[in-house]
Amino acid sequence: MKAAEVIDDALRHVGLRVDHGVTPLSASILLLAGIGAISAGTFLLRFARVLADCYLLPGTSLSKFGANKKQPGSGTWAVVTGATDGIGREFALQLAKKGFNILLVSRTPEKLGAVAGEIESACAGIKTRTQAVDFAQGDEKQYAALEETVRTLDVGVLVNNVGKSHDMPVPFAETPHDEMEDIVEINVVATLRVSRMVVPGMVERRRGLVLNVGSFAGQTTTPLLATYAGSKAFLSGWSQALGEELSRSNVVVSLLNTYFVTSKLSKVRKSSSMIPTPKQYVAQALAKVGRQGGAVGRPYTSTPWPGHALVDWATTYVVPRAWLLKFVYGQQVATRKRALRKAQKAVKAQ
């Protein structure tokens, strides 16, 4: 039986009879044309949604989560991990300006004190608290102290920002054990444990926002950053599961799918339309809470920065995954060679 006759027979079987005089071949062409039109329409609608989310549509107001700019200090608290540098520091500063009190969580007491002082100087009336936790150590006493602090606060926002990557691209078989363990302890275990402290209170109050800072490395998968990429892929799946669970308690969960931002972690210093500063990135992320941006079609995920959003959309719906893996692998190999040459020069200069 010819392919056209098979399609015609299938149409008749489900009750979509071909009109008298229409051959099986022409019916097949009409069916395929319809499928093509639907596919093209869906493709264009997704792209239009990306543009609308990034440039036109507002996000959820932060007042829903307890921000109070009119009476500083009377609002709810925002907990920010990895709060002394880069994206984490900017989340702390900008959430304070939006009217949240801030609990800063990071490793170094001196840096925590400096950021707390900066917030209090810039935002009169806003309260700050600090908690020193070295997440790489997994110290039970430090976790217990943090949990005791969190228990006393009305937390409206949690930003799980703390993270660690590899020192340079490295084959998994050559990854140092301590580096591998630190990445998992910081990126996965710390996020789970801090969230477990904060989320029950949000559920009880039926109000809350959980922002998990993710990475493109976890979406597209990045050879030579295998452990880091795997940890961020975990955050993606976990965020979607958690988001569905908490949606019935009026708690919003969003994985922030992030490409390069100028920071110590990314080792990128110069900003551009594709690589924002932490200040630019955080402002966009807070303005687009609840909007998917380039992550259209992926629940509880947002790619808010416009340049990142376009890359996300293209790598999801246009670029073949197998080709992308090979391309990224080539990039990482080149980056590793440059890093090794730089390290060798540093050794010779000593």
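Each residue, glycine too, has its Cβ placed from N, Cα and C.
Because TrEMBL annotations are produced automatically, they should be read as predictions rather than curated entries.
Per TrEMBL, the feature transmembrane segment maps to 25-45. For Ser215, the entry in TrEMBL reads substrate binding site. Annotation comment: TrEMBL describes Tyr228 as active site, proton acceptor.
The Cβ neighbour count for Tyr228 (active site, proton acceptor), using a 10 Å radius over every protein chain in view, is 25. Here the C-alpha separation of the residue listed as 'substrate binding site' and Tyr228 (active site, proton acceptor) works out to 9 Å.
All chains included, 27 other C-beta atoms sit within 10 angstroms of the C-beta of Ser215 (substrate binding site).
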